[in-house]
Each structure stands twice: as structure tokens, then as C-alpha cells.
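Worksheet for the structure shown next.
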Amino acid sequence: MAQHDQLHRYLFENYAVRGELVTVSETWKQILENHDYPMPVKTLLGELLVATSLLTATLKFAGDITVQLQGDGPMTLAVINGNNRQQMRGVARVQGDVPADADLKTLVGNGYLVITITPEEGERYQGVVGLEGDTLAACLEDYFMRSEQLPTRLFIRTGEAQGQPAAGGMLLQVLPAQDAQTDDFNHLATLTETIKADELFTLPANDVLWRLYHEEEVTVYDPQAVEFKCTCSRERCADALRTLPDEEVAQILEEDGEVDMHCDYCGTHYVFDAMDIAGIRKNASPADPQVH
């Protein structure tokens, strides 16, 4: 079996092209765990997860990337957020019936792809592109050509391995400020396109790379672990409560006896009673109870 949920970066010695290979099956399972999405939505979230992991690995600084799809289709939102430590989380919102064979256009309808890059230090950048491609990979390749002017190819696979959800993918990209020959890039893309889903899901990364590129000279760097990680906390919820008008919070307490805040990403509930709210209003630290 492959070492799942790892990202491998690699470099071609004879071409100005770099690559990435990632498997994210366990992380995908955890993202889906607290939700009952229709199968096409699950699949698209898996594709988004693979893509976000690959894109996050292109960052040259500490920060995070959010990749989201928005539209007027039955899936109004799908979003994956990841940081340079390959800590990922994601969620989708569905309104209306989703056909069992729904593709990207059917799910999103008239919509667009938004990529937000947020460095820990420096200015936030946001790029928006229409969904002109038939697949998520095609839309992202279009984004790179428009915004970065870097020829980029993504190869995304989702499915099952041993009865469990499995997802992985690969990225090829011309190195910035390098003049890679189009024929060279297309040659490597043609090789990479032959990757089979079951190979990606079940073989060690080095075996996959050897099968694809055994006639090329490739340097493979140490892998980086990929994991599901939610950034929600009781303190963040308390900060959000501080921004609400006193009357609104008082009304919730009067009607429900407590304020129950739910994280869409991980399913955790943070419950605040009247004493907690009073403490928050005085800037005191709320107590610890939370419910998964």
C-alpha cells in the first residue's frame, strides 16, 4: 500500500519543469465524516482537496490558500482551505436535488472559481476565473495561464481503494523565470497522463514516479505529511460572540437557554450559557465544554 496523505515534490534534471504527487485519501474521509453529501459533491470535494494540496505546495512563503467554487446550481459552495504545513479542511453547501451523474457544470451552474492566497506576512491576493473548462483541473490550468502565466497541468484522480474513498493527483509546472520548451512540457504531460487511479492510490510514490518517468532523470525530495486540521476553537467562537449586539445574544439565551455554535468544517459544537456570556462580555476566558 502507498504511504497515504503525503505530498512529494520532484524536479526534472533536464527540463525546467517541476512536479508534485499527492495522496489525500484519509484527509478526504475526515472531511466527509460529519456530512451526508450526494456522491457527486463528495467527488468534487475530493478533487478540490487534491488541487488545493497541490497548489498550496507551490507557495514560497508561510500562509494558506483557499480554493472555492460558487454558483447558482444545487451545490452553491464548495471550499477547501490549506496551509503551507499541508493542514487541510473543507465543506460544501447543497440546496436542491443533485443528479447522480452531475458533473462540474451541473453542480455549480453559472459560477466561478475563487483562489485566495493569504500570506502570514504581506498582502492577500485573490484571483477569480469563470468555469470555462469541463473539469476542475481544466479550470485551474486556465487560472494559472491567466494569472501566473505559468504552463501548468493537473492530473486529479478520485475513487476507491479496498472499499474506502481514495483521492490523489499530480501537478506539472514550468519553473518561474525559466524558458521550458513547449515540446518538453507536453512530453512530460503525456507521460503523466498515463497515471492510473489504482496506481496512484496503492503504490509508493517512488514506484509511481519510476513507472511514469523511468527514462528521465528525476530528483525526488522528502515527503510532507498531509492532514485534516480544523482551526476552530472556543476562543474564536467567543471572539465572534463579542461582535454580536447584546440584545441579539440575550434573545438567543432567553429562547434556547444557551448559545450553540457549530463548526461546519469539523462538526464541533461550542456551547455557551449565560455565565459564559457574562464572562465573555467582561473579556474573561470562557470555560472549556465543547461537544463533538
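Keep in mind that glycine also has a Cβ here, set from the backbone N, Cα and C atoms.
According to Swiss-Prot:
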type     : residues  : note
DISULFID : C230-C232 : disulfide bond
DISULFID : C263-C266 : disulfide bond
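Shown here: features listed in Swiss-Prot, placed on the structure.
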{"residue": "C230", "record": "disulfide bond", "CB count, 10 Å": "18"}
{"residue": "C232", "record": "disulfide bond", "CB count, 10 Å": "18"}
{"residue": "C263", "record": "disulfide bond", "CB count, 10 Å": "20"}
{"residue": "C266", "record": "disulfide bond", "CB count, 10 Å": "18"}
Expressed to the nearest Å, what is the distance separating C266 (disulfide bond) and C230 (disulfide bond) at their Cα atoms? 6
Hey, how far is C230 (disulfide bond) from C263 (disulfide bond), Cα to Cα, in Å? 9
Where C263 (disulfide bond) and C232 (disulfide bond) are concerned, what is their Cα separation in Å, rounded? 7
Simplified to three states, DSSP reports C266 (disulfide bond) as coil
